[in-house]
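Asks: Below: one structure in structure tokens.
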Amino acid sequence: MKRAVVLLSGGLDSTTCLSVAIKDGYEVFPISFDYGQRHRRELHCAGLIAKYHKLKTYNVFKLDNVGGSALTDMSINVPEYKGDKFIPITYVPARNIIFLSYAVGYAEVVNAEAIYIGVNAIDYSGYPDCRPEFIEAFQQMVAVGTKSGVEGRGVKIVTPLLNLSKSEIIKLACDKGAPLHLTWSCYKGGDKACGVCDSCVLRLKGFDEAGIEDPIEYSKNDMEIDIAGNQAVNKDVNERNRYE
């Protein structure tokens, strides 16, 4: 049976990728990374997702805190969503370069022919390592810098979500039977998602556009998505939030 390594963060996109890889007929080897992120709940969710699929193998790689990001430095506040196009403060330096490097090495160890990663160039929030140019460049590096690449076998980086909107990803996830109720997207810690960070707003907006109810809970019950304005806005706190 063909094998694939899947980068599994515990978020919506990577969980969708895992289900896509399984439906594509791969024996999957999901991996996660503990890199000092403040939203460590995603690792717990990733473990639950692996158990949901009854997978035999699931590994978490421990990395030192790379710092320089609101996701890893508790002294830097996670900003609320503003729809800005510049590289956000939640960018983690070289994160996908590091993650994919681990994934390629692990793929060679387990003789996997593919690596699935949930990067997205449409609703990518300004992260440079989620663009097609980055994936193409990294694929070329794998071809010339690994034993499998030099021998002609190679490891293919598969990006099934690259050109999909968030609403399209959600529809794909539902079609593939992904356990979205187990996912965690919020950049902040806590028992419930905040509903106002970049990741929460993009998720809520995606579910709204897909016409599907988000199965997770949010702490901001007075939050709604202004689709036209592409931003989070407050509404009457007495009006029940439809995303509960």
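Glycine residues also receive a Cβ, built from the backbone N, Cα and C atoms like all the rest.
Automatic, uncurated: that is what TrEMBL annotation is.
Per TrEMBL, ATP binding site is recorded for Leu8, Ser9, Gly10, Gly11, Leu12, Asp13, Ser14, Thr15, Thr16, Cys17, Leu18. The Zn(2+) binding site annotation in TrEMBL covers Cys186, Cys194, Cys197, Cys200.
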Asks: Please list, in sequence order, every residue of the chain apart from Leu8, Ser9, Gly10, Gly11, Leu12, Asp13, Ser14, Thr15, Thr16, Cys17, Leu18 whose Cβ lies within 8 Å of the Cβ centroid of the ATP site.
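Replies: Here the non-site neighbours turn out to be Leu7, Ala46, Ile49, Gly118, Thr183.
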Asks: Within 10 Å of each Cβ, count the other Cβ atoms and name the one among the binding-site residues Leu8, Leu12, Cys186, Cys200 with the highest count.
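Replies: Going through Leu8, Leu12, Cys186, Cys200 one by one, the largest Cβ count within 10 Å is at Leu8.
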Asks: Say we define neighbours as other CB atoms within 10 Å of the CB. Which of the binding-site residues Leu18, Cys194 has the fewest?
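Replies: The binding-site residues Leu18, Cys194 were compared, and Cys194 has the fewest Cβ atoms within 10 Å.
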Asks: What does DSSP call Gly10 (ATP binding site) in the simple three-state scheme?
Replies: coil
Asks: I'm trying to understand the geometry here, so how far is the Cα atom of Leu8 (ATP binding site) from the Cα atom of Cys186 (Zn(2+) binding site), in Å to the nearest whole number?
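Replies: Roughly 15 Å, rounded to the nearest whole number.
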Asks: What is the number of other Cβ atoms found within 10 Å of the Cβ of Cys197 (Zn(2+) binding site)?
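Replies: Neighbour count, Cβ to Cβ under the 10 Å cut-off: 23.
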Asks: Give me the CA-CA distance between Thr16 (ATP binding site) and Cys186 (Zn(2+) binding site), in Å, as a whole number.
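Replies: Rounded to a whole number, the Cα-Cα distance is 16 Å.
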Asks: Rank aside, I only need the closest one: which of the binding-site residues Cys186, Cys197, Cys200 has its C-alpha nearest to that of Gly10 (ATP binding site)?
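Replies: For Gly10 (ATP binding site), the closest Cα among Cys186, Cys197, Cys200 is found at Cys186.
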Asks: Going along the chain, which residues six or more apart from Ser14 (ATP binding site) have their CB under 8 A from its CB?
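Replies: Those within reach of Ser14 (ATP binding site), by Cβ under 8 Å and sequence separation of 6 or more, are Val6, Leu7, Leu8, Ala46, Ile117, Gly118.
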Asks: Would you mind ranking the binding-site residues Gly10, Thr16 by how many other Cβ atoms sit within 10 Å of each Cβ and giving me the lowest?
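Replies: Least crowded of the binding-site residues Gly10, Thr16, by Cβ count within 10 Å, is Gly10.
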Asks: Please report how many Å separate the Cα atom of Cys200 (Zn(2+) binding site) from that of Leu12 (ATP binding site), as a whole number.
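Replies: Between the alpha carbons of Cys200 (Zn(2+) binding site) and Leu12 (ATP binding site) there are 11 Å.
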Asks: Could you measure between Leu12 (ATP binding site) and Cys186 (Zn(2+) binding site) for me? Cα positions, answer in whole angstrom.
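Replies: So the Cα of Cys186 (Zn(2+) binding site) lies 10 Å away from that of Leu12 (ATP binding site).
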Asks: When DSSP states are folded down to helix, strand and coil, where does Leu18 (ATP binding site) land?
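Replies: Where Leu18 (ATP binding site) sits, the three-state DSSP reduction gives helix.
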Asks: DSSP secondary structure for Cys197 (Zn(2+) binding site), reduced to helix/strand/coil, please.
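Replies: DSSP call for Cys197 (Zn(2+) binding site): strand.
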